[in-house]
Every structure is written in structure tokens, then in C-alpha cells.
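Student: Sharing the features that Swiss-Prot gives for it:
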type	residues	note
TRANSMEM	5-25	transmembrane segment
TRANSMEM	48-68	transmembrane segment
TRANSMEM	92-112	transmembrane segment
TRANSMEM	118-138	transmembrane segment
TRANSMEM	154-174	transmembrane segment
TRANSMEM	192-212	transmembrane segment
TRANSMEM	226-246	transmembrane segment
TRANSMEM	261-281	transmembrane segment
Amino acid sequence: MDTLLFVLKSIVLGIVEGVTEFLPISSTGHLIIFENIMGFKSASPNYVKMYTYVIQLGAIMAVVLLYWKKIKETVINFFPGKVGYEKSGFKFWFMIFIACIPGAAVKLLLDAPVEKYLMTPVSVAIVLILGGLWMIYAEKKFRNNNLGKQKLSVTPKQALIIGAFQCLAIIPGMSRSASTIIGGWVAGLSTVVAAEFSFFLAIPVMFGYSLLEIIRIGGLTSLPAAELISLVVGFIVAFIVAVAVISQFISYLKRKPLKSFAIYRMIFAVIVLIAGFMGFF
């Protein structure tokens, strides 16, 4: 593939990742669809998969940048001292650890079958629709009950509930953000607190998993120059776009419902299904 075209495609996918990673519309699902649309392929084994993990790291670094003050405080005050939602840095990260457990277990058990059977544009579109309907139902049933509950503390039970809901994100098209926010609603948290806890939860989950997968695949050293350039470009683009999106998303959540994202999911999914039936995928 021509180097310039390869880099241009990586820019588009970096934008897609940066926009969708923290919105409740499924970044993995969008990447699967756009990779198929653009024919994003490579002669190098596992390159496309590695590219996905690298741009996810770019998106997660946006969280680190935007929440660096809170992260630094929770690390420095690992023992007593009121930080973020918790009264101690230790408790805060312990809640994150608890929330990670269900997802890690499910990932180990179901990663292979999910990758084998659910990584197609049509299956993603179906899940986008089902997830959108679920979001509308969950918001109507749970969100309004928690509008005034701006809790500054996440309990072990709440963390475990959020972690359990995060397990659904293993299904391409479901969305980790949507799953954890709905889990936060069910646990009794406000939308903003649930979303910010979701951002912090993404740091160990996505950062750790992406790094492990990059190492497992074989690292970056054996890739041709064009592919290395595209990785760097995709990482930077995803980082910059995610920084802008996260700030706007939190501001949006304070004023408006998630229903608009649910409607977008369903409209986009219908377009994908029509394209699939017409033979574009």
C-alpha cells in the first residue's frame, strides 16, 4: 500500500478512535466497520490488531493528561487524605481494582470466541441497535433517580456492579462507556460520577491490556517504516481528538441525556446493515 494512503487511512481511524472511545457508541465497533470500509489491511501479520491497541493507548493517554492532577494526588496520597471521590488514595485505587476483576475474568474466558464470531460489521450493527435500546430503557429507569446524588465515594459494592456491567463491553458494538455508565446508574451514582469513574477504570484496563497484546503480538521492531509511521500518526491523532472529546462529553452529561447517542447508534447501525445486505462488506 502506498505510504501516503496508508498514513491517511491511519489518520481517519485515529480520529474515529479518539471520537468514539469515551462516548457510549463503541469504539471497537466503529473501528471494525471503518477498517472494512477503507480496506485497512497490511502484509505484516497482526498489524491491524496492533494498530488498534496503539491508538487505544493514545486515547487513554488523553485521560491521563486531563485527569493528571487527580491521578497524581491519589498516588501521592495513597494513604489517608481526601482525594477525588475517595477519602484516601488507597481506597480509590482499591475500588478501581475491584471494578477490574469481573472484566478481566470474562476477557480471559471469552476473548477468543468473541474475536472469532463477533468481529463483523453486521454483528456490530445488531449489537449497536440492541445497546441503543438498552441505553434508552436504562436512562429512563435509573438516571432520573440519581440526578441529585453527586456522591464523592464509590463503595466496593458499587465498584463491583460497575465492573460487572463492564463485562458487556467485550461484545463489539456494546461500548465500555455505555456499559459502565449504566452500571453506575444501577449502583446509584450520578451520570458524571459514573462517567469519570469509567475514565479512571479505563486506565489500568485499556493501558494494561493494550500493552500486553502489543508485546504478545511481537512488538513494533519488525514493522516496515510505513507501518511504524502510521502507528505513530494514529497514536497522536487519537490522543489529540480524545482530549477534545472527553472535556466536551463531561460538559454534555451535566446538561443532556444519553438518548441522542442511542438514536445515533441505531441510525448508524441501520445504514451499516443496509450496506451489508447490498454487498459492501
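Any Cβ shown, glycine's included, is placed from N, Cα and C.
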Student: Can you tell me which of 48-68, 118-138, 154-174 gets the most C-beta pairs within less than 8 Å of the transmembrane segment (192-212)?
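Tutor: It is 48-68, which has the most Cβ pairs under 8 Å.
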Student: Within the same chain, where does the transmembrane segment (5-25) have neighbours whose Cβ lies under 8 angstroms from its own Cβ atoms, ignoring anything closer than 6 residues to its ends? I mean 6 or more beyond.
Tutor: 31, 34-35, 38, 40, 51-52, 55-56, 58-60, 62-63, 128, 135, 175, 177-178, 181, 198-199, 202, 226-227, 229-231, 233-242, 244-246, 249, 258, 261-262, 264-265, 268
Student: Which sequence-distant residues neighbour the transmembrane segment (261-281)? Criterion: at least 6 residues beyond either end, Cβ under 8 Å.
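Tutor: For the transmembrane segment (261-281), the far contacts come to 23-26, 33, 36-37, 120-122, 124-126, 128-129, 131-133, 135-136, 139, 173, 178.
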Student: Looking at 48-68, 92-112, 154-174, which one has the highest count of Cβ pairs under 8 angstroms to the transmembrane segment (226-246)?
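Tutor: Counting Cβ pairs under 8 Å, the winner is 48-68.
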